[in-house]
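S.K.: Feature annotation from Swiss-Prot assigns ATP binding site to 15, 164, 165, 166, 230, 231, 239, 245, 246, 262, 266. If you look up Swiss-Prot, you'll see 17 marked as Mg(2+) binding site. The feature K(+) binding site is assigned by Swiss-Prot to 43, with sequence analysis given as support. Feature annotation from Swiss-Prot assigns L-methionine binding site to 56, 99, 239, 270. What Swiss-Prot records for 99-109 is region 'Flexible loop', and it gives sequence analysis as the kind of evidence.
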């Protein structure tokens, strides 16, 4: 591919859909802390002055859904009624029921290693060596921008900022290599007291410049900071939020395919989540091993069946060893059955709330980001 542009977007922890994701995963974490084998599918809806938490849960644990919800909203920063959403006074509705026994009989087996997939579906994982964290640059820097927005807001450095924000970054590529940034969009909710001019200057100096490498910026780079001028009404007052509506933000920013399944609120028996994490783990280790510059993995499952129904590996012509060697290395060194990948990645632990904002991938604290299989794969492939 010759010269081209590629764009990815992200949203802040205060975006309505991300509030919903974080509540769903906070509930999941609280349950897993008491009952690691719980079955959880937690969905959240947020709108002005209210949160509704629903879904299906089978567990021996008891958790305070209302308090978990309020604490999550409080941590994000919605603590004043003038924002249209206040952790201390919003209504919290709990409509959680039990998981269907028809699903349980397919998932739970006498031999844990034969645990079936919780549903059918397709999942993708991806890695590229265009950044040190083996993630696409556009989504990486889009996440960093909104994360920086949250940091300067919470620290009080820019005390006129409010929790809701969105970013978008367009990168320029030439022959597959990054040559610069073409455009940056950052829209942030703010108080009524700040002028548009002051806000734009502050965002440029305190959010954009500290995050984006100067060598990728030029006088041709276009900046769009709050392009409509005013963004006072935001969060759930501006738009309702739902769990699972930011699946491209959660993954690779459109640089790789997506199977359609959301992550937040789902325990690891749900392969929508756990197999997508495993696919990232496999792809990242293949790239880290030097077997390819780019790698995309597709996995598919049937409900109640342990083994994947298919494994597909695409390296976009960047492979350094034969395709057959890459496929065989995956078959020999990764257990992609639901039980196997849970054990391989230690997924039955309360680590999910922090995944629910700023991306599930490219963050080294998560076990699926480890490259501990890279050396094994290098040896298998005969790479020196």
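Quick reminder: no glycine exception, Cβ is built from N, Cα and C everywhere.
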S.K.: Distance between residue 246 (ATP binding site) and residue 43 (K(+) binding site) at the Cα atoms, whole Å?
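M.R.: Counting only the Cα atoms, the answer is 13 Å.
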S.K.: Please name which of the binding-site residues listed here, 43, 56, 270, is nearest in space to residue 230 (ATP binding site), Cα against Cα.
M.R.: 43
S.K.: Would you mind giving the whole-number mean pLDDT across the region 'Flexible loop' (99-109)?
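M.R.: Mean per-residue confidence for the region 'Flexible loop' (99-109): 62 out of 100.
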S.K.: Quick check for the class: what is the C-alpha distance, in angstrom and rounded, between residue 266 (ATP binding site) and the residue listed as 'K(+) binding site'?
M.R.: 9
S.K.: Measuring Cα to Cα, how many angstrom lie between residue 270 (L-methionine binding site) and the residue listed as 'K(+) binding site'?
M.R.: 14
S.K.: Out of 17, 43, 56, point to the one nearest residue 239 (ATP binding site) in space (Cα versus Cα); all of them are binding-site residues in the record.
M.R.: 17
S.K.: Taking only the residues the record lists as binding ATP, namely 15, 164, 165, 166, 230, 231, 239, 245, 246, 262, 266, what is the largest Cα to Cα distance between any two of them, in Å to the nearest whole number?
M.R.: 36
S.K.: What is the interatomic distance between the Cα atoms of residue 43 (K(+) binding site) and residue 17 (Mg(2+) binding site), given in whole Å?
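M.R.: The separation of the Cα atoms works out to 11 Å.
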S.K.: Under 8 Å between C-beta atoms and at least six apart in sequence, can you list the same-chain neighbours of residue 165 (ATP binding site), or say none if there are none?
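M.R.: Set apart from residue 165 (ATP binding site) by at least 6 residues yet with Cβ under 8 Å, we have 11, 12, 14, 15, 146, 149, 150, 186, 187, 188, 189.
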S.K.: For the C-alpha pair, I'd like the distance in angstrom between residue 56 (L-methionine binding site) and the residue listed as 'Mg(2+) binding site', rounded off.
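M.R.: The Cα atom of residue 56 (L-methionine binding site) is 20 Å away from the Cα atom of the residue listed as 'Mg(2+) binding site'.
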